[in-house]
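Working notes, structure below.
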Amino acid sequence: MAAAVPQRAWTVEQLRSEQLPKKDIIKFLQDHGSDSFLAEHKLLGNIKNVAKTANKDHLVNAYNHLFESKRFKGTETISKVSEQVKNVKLSDDKPKDSKSEETLDEGPPKYTKSILKKGDKTNFPKKGDVVHCWYTGTLPDGTVFDTNIQTSSKKKKNAKPLSFKVGVGKVIRGWDEALLTMSKGEKARLEIEPEWAYGKKGQPDAKIPPNTKLIFEVELVDID
């Protein structure tokens, strides 16, 4: 369901005046802009922190661009959002090879993400950060093939989350891509297509058949 289109809150003169605090503009943009729009303009996160790094001209341009592009909250699907956020995060990479794997147009992401518990929406992992996760992996028929969540209280005490460097190929691609869109504390359900999971070969040791979609519940508990 599409969100109601917001109205312009200020004129150009009001936007540029000293009387209007930057925080008010940032709050308006965060309230009404889509996640990918905010990511592109580096407006995600705590308002105070954004206000420190964003100058007034940048905010005025973002405000005008929001209404020109009509990329309001609720206008994009989750897969579109994650693709946009992924592209923004990749923009920090070296641009020397325009035909590298990252810049090829591969179409929409090969996974869907449903948020089960919201994170802090401030701390997002970057490529190369170490992330710590609890997870359960299931096949489409509900069979659990892997988990690090212990049910017995004795084992729970000694249980540790899975820790790895994100975005560098240590895990299946669906995980690498999805975790870059999650904030600390977030729990999400990921449905990952075979192309971004174990593909045509499957994973016989884990009893994952070839060409199998995998479902994970992943909780991002910490980022280093």
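Just so you know, glycine gets a Cβ as well, placed from its N, Cα and C.
Here the candidates are LYS73, LYS99, LYS117, LYS155, and Swiss-Prot annotates LYS99 as N6-acetyllysine. In the domain 'PPIase FKBP-type' (128-224), helix, strand and coil residues by DSSP number 19 helix, 35 strand, 43 coil. Sequence-distant contacts of LYS170 (N6-acetyllysine), defined as residues of its own chain at least six apart whose C-beta falls under 8 angstroms from its C-beta, comprise PHE164, ASP176. Residue pair SER152 (phosphoserine) / SER36 (phosphoserine) shows a Cα separation of 41 Å.
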